[in-house]
Amino acid sequence: REFTYRHDEL
Amino acid sequence: MNIFRGIADFSHLAAIIILLHKIWKSRSCAGISGKSQILFAIVFTTRYLDLLTSFISLYNTSMKVIYISCSYATVYLIYMKFRATYDGNHDSFRVEFLVVPVGGLAVLINHDFALLEILWTFSIYLESVAILPQLFMISKTGEAETITTHYLFCLGLYRALYLFNWIWRFYFEGFFDMIAIVAGLVQTVLYCDFFYLYVTKVLKGKKLSLPA
């Protein structure tokens, strides 16, 4: 699974 | 990025810079919990491992690198450079009581049983309670320097604004992450008592001191 938003938020 | 996220990130940055600046200027880390700062360094390290795996934007990468470097610089100032001023006797919170349960919880409750995913979850859970040694220290000494309270206010504001950010993202992007939201709520609640004191005392020009 890919969690892109996760890398986006600090 | 929405307005809440934007202000939150800069509030977080302000908190980190205020603390570093205070220690550097006064050449002292009196009243600052080194344990909380170590926990924050662990939080950033375990969360931003994604720096190695995915690139989002220049903003994203720079902020992550700044947060990590500043948190290590703070730990260095407290435990090395200005060690003589570190108030270890009052910084007596038992961090293993936080790290061990949080580590266990991250292994049990996560979105995916993978190393990076568990470390990310661990960092979210740990961040929510990482300020406790600092709050414990203030409750023990019964007071805090005004600049320290500004630091705490910015840090609390950052997490409170992230809650609004998640509400925004839920409505406009259909996105929500239960782990982040619950941990963010816990983290914000821990600051409520402090927010009250900050508004009723510090903003009225008084020093933050607790009744004996």
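Using N, Cα and C of the backbone, Cβ positions are placed for all residues, glycine too.
TrEMBL labels come from automatic prediction, so no person has curated them.
The following features are taken from TrEMBL:
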{"type": "TRANSMEM", "residues": "B:65-82", "note": "transmembrane segment"}
{"type": "TRANSMEM", "residues": "B:94-113", "note": "transmembrane segment"}
{"type": "TRANSMEM", "residues": "B:119-138", "note": "transmembrane segment"}
{"type": "TRANSMEM", "residues": "B:150-168", "note": "transmembrane segment"}
{"type": "TRANSMEM", "residues": "B:174-199", "note": "transmembrane segment"}
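Contact count against the transmembrane segment (B:94-113) (Cβ pairs under 8 Å) is highest for B:174-199, out of B:65-82, B:150-168, B:174-199.
A Cβ distance under 8 Å defines the sequence-distant neighbours of the transmembrane segment (B:174-199), meaning residues of its chain 6+ beyond its ends; these are 109-111, 121, 124-125, 127-129, 131-132, 135, 149, 152-153, 155-156, 159-160, 162-163, 166, 208, 210.
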